[in-house]
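See below for the structure under consideration.
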Amino acid sequence: MKILRKNHPLLKIINHSFIDLPTPSNISSWWNFGSLLGMCLMIQILTGLFLAMHYTSDTTTAFSSVAHICRDVNYGWLIRYLHANGASMFFICLFIHVGRGIYYGSYALSETWNIGIILFLMTMATAFVGYVLPWGQMSFWGATVITNLLSAIPYIGSTLVEWIWGGFSVDKATLTRFFAFHFILPFIIAAFALVHLLFLHETGSNNPSGLNSDSDKIPFHPYYTTKDLLGIFLLLLVLMILALFFPDVLGDPDNFTPANPLNTPAHIKPEWYFLFAYAILRSIPNKLGGVLALVLSILILAAFPLLNTSKQHGLIFRPVTQVIYWIFIANLLVLTWIGGQPVEYPFTMIGQIASITYFAIITILMPISNTIENNIIKL
């Protein structure tokens, strides 16, 4: 068996990736979230596949087909709620995974980091088009508002929006193509995740100390497979508690009403995991400026390898940047809260301050703290 897994063309790839992979001996539980993301993706693809068997992407029947899944399909309610709450778990793991990458300086592995950003954007796109499918009020108006942002692009904006809509408003053509995108994108994400792993295994994993760990590596199996299994069981436990006891806690009450183009909800807002970006979008009065800020709020992650001037890897021995990092996390939570609030004083002002802080921390405060810490080392 040992010879087979080391020599067989297919098993050899699995062996080098998950069994005999040399791994730093000191990586903490913060490194578990990569495998948890893989688990989330598998859950989403499986539950999504079963939902797609019963869902109809037609404006007249989409809402009732989701109700039919919950009422008439065997365990359809469970599959639907696992899928809906699985998306929330996916994004929780994703935010922690990116946060760990920033804290421990994993962005130094630039190819892995940049593919990670592409994965992040694709996951956001998948979640957005997926939210439109139940065809409730918030689905319809969320799709209308967010796709309409593209009209801010000079010259081609209006044409682009109508091209995406497949008509002059969000309608049957839009729903059909969004269903097609929602079905295909997770498989593209899975392919990119493999490329993400490929680049990671070229350089080897980072570790909490930020030091070179070539002299102290252990095989991935059994040490980290068992550790990952614990993380997976905990993730499944939280997901099952969410799906069985609080299935609608992260949803929007407006989505229990079928889509009605003649009735606008009081507060149009996306799912909770987009609220931070939505708050940044809303904090700029100019439409094009808001769209640019929205895109930059994610793409700015690509600036981390370029702006890092520190002589140390990661923040574990850098108290000044540690304080700034935790202010950054708190600021993100404030943005998430503001994104769900109505557009009125004082929320608009808090949102504008938090948006400026978000970009200032990454582009100004962190590079300054890097320089300060470099000078402290010289003393």
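A Cβ is built for glycine as well, from the same backbone N, Cα and C atoms used for every other residue.
According to Swiss-Prot, the protein carries these features:
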TRANSMEM  33-53  transmembrane segment
TRANSMEM  77-98  transmembrane segment
BINDING   His83, His182  heme b b562 binding site
BINDING   His97, His196  heme b b566 binding site
TRANSMEM  113-133  transmembrane segment
TRANSMEM  178-198  transmembrane segment
BINDING   His201  ubiquinone binding site
TRANSMEM  226-246  transmembrane segment
TRANSMEM  288-308  transmembrane segment
TRANSMEM  320-340  transmembrane segment
TRANSMEM  347-367  transmembrane segment
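Projection of Swiss-Prot feature records onto the structure.
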{"residue": "His83", "record": "heme b b562 binding site", "Cβ contacts under 8 Å, 6 or more apart": "Gln44, Thr47, Gly48, Leu51"}
{"residue": "His97", "record": "heme b b566 binding site", "Cβ contacts under 8 Å, 6 or more apart": "Phe33, Gly34, Leu37, Gly116"}
{"residue": "His182", "record": "heme b b562 binding site", "Cβ contacts under 8 Å, 6 or more apart": "Gly48, Thr126, Val129, Gly130, Leu133"}
{"residue": "His196", "record": "heme b b566 binding site", "Cβ contacts under 8 Å, 6 or more apart": "Thr112, Ile115, Gly116, Leu119"}
{"residue": "His201", "record": "ubiquinone binding site", "Cβ contacts under 8 Å, 6 or more apart": "His16, Ser17, Leu21"}
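With a cut-off of 8 Å between Cβ atoms, the residues of this chain six or more beyond the transmembrane segment (33-53) that come close are 69, 79-80, 82-83, 86-87, 89-90, 93-94, 96-97, 100, 182-183, 186-187, 189-190, 193, 228, 231-232, 235, 239.
Sequence-distant contacts of the transmembrane segment (320-340) (same chain, six or more residues past either end, CB-CB distance under 8 Å): 99, 102-103, 267, 269-270, 272, 274-280, 282, 310, 347, 350-351, 354-355, 357-358, 361-362, 365-366, 369-370, 372-373. Most Cβ pairs under 8 Å to the transmembrane segment (178-198), among the stretches 77-98, 113-133, 226-246, 288-308, 347-367, belong to 113-133.
Annotation: stretch 226-246 has the most Cβ pairs under 8 Å to the transmembrane segment (77-98), among 113-133, 226-246, 288-308, 347-367.
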